[in-house]
Amino acid sequence: MIRVGLTGGIAAGKSTVAARLAQDGAKVIDYDRLSHEVIAPGGPGVGPVLDRFGTDCGDGQGGVDRSALAARVFGGPAADRDREDLDDIIHPLVYELAAKAEQPWLEGSEVVVHEVPLLTEVGSAIPFHFDRVLLVEAPSQVRIARMVNQRHMTPSQAVERIGSQTSSSSRRAQADLLVDGSQPIEQMFESVDRIYEELKSLAQGSSHSD
Ligand SMILES: CC(C)(COP(=O)(O)OP(=O)(O)OC[C@H]1O[C@@H](n2cnc3c(N)ncnc32)[C@H](O)[C@@H]1O)[C@@H](O)C(=O)NCCC(=O)NCCS
Ligand SMILES: Nc1ncnc2c1ncn2[C@@H]1O[C@H](COP(=O)(O)OP(=O)(O)OP(=O)(O)O)[C@@H](O)[C@H]1O
């Protein structure tokens, strides 16, 4: 297999690219989904999150209320510190689930894509080596409009999320492959298909990854 890190700023188009890669034949591990799983009812992150952030952040059903937590870590008075503490709780649990998820493909010739929104931010803390890093990019204004129009965030919530993430230039410094997430979707899919073919040939020539 080869392991690919797929990243990009919020609402750049990562999940859309990931879905196309999956359609092409890649195996995709979605870190946002795993991070939701760890704080859903019964998840291993629920206890530590509620201990740290208080039972006000509970959803009343044994899980965490993500919008209450988002208000704290992206817009609260101690947002940076809170976000750091949340990341320290959630990320190791997510990495554990990701390692389990990719186990069936370790010996094969699959293209295994880890969709990691914060790949650049976490640096060497992530316990995986990526053979390639694929970056999806779109200008901030496009991303803000997507968050406001499609996710019902206020403009200031959208700006806060972008502000809590790293810069495009630091993401670029880490990237091997680039997809423009603001181009027309059909064109974007064509570039994703071309990249998949490249990755697939690489995977067929590989026998392992650590
Ligand atoms: C704060 C939480 C509860 C908000 O949930 P919500 O459903 O509103 O957002 P969702 O999880 O769908 O995330 C949407 C996007 O927000 C951005 N984002 C999420 N967490 C963070 C963070 N800690 N720092 C910066 N950006 C973040 C990412 O671009 C992500 O793709 C949730 O995002 C969370 O648990 N975050 C911490 C875990 C994390 O770092 N997740 C990212 C992948 S590991
Ligand atoms: N090339 C494109 N043209 C128009 N709309 C697009 C394009 N790519 C993605 N979108 C739309 O933009 C929105 C954000 O895309 P997507 O959910 O893939 O982003 P993301 O980077 O995964 O976001 P997040 O960081 O929140 O997980 C979606 O509604 C998606 O349909």
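Here the Cβ of each residue, glycine as well, is placed from N, Cα and C on the backbone.
For reference, TrEMBL has these:
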BINDING   Ala11, Ala12, Gly13, Lys14, Ser15, Thr16  ATP binding site
REGION    154-173  region 'Disordered'
For the recorded ATP site, enumerate neighbouring residues of the same chain (Cβ within 8 Å of the Cβ centroid of Ala11, Ala12, Gly13, Lys14, Ser15, Thr16, site residues themselves excluded), in sequence order.
Gly8, Val17, Val136, Ala138, Gly181
Which number gives the other C-beta atoms within 10 angstroms of the C-beta of Thr16 (ATP binding site), all protein chains shown included?
16
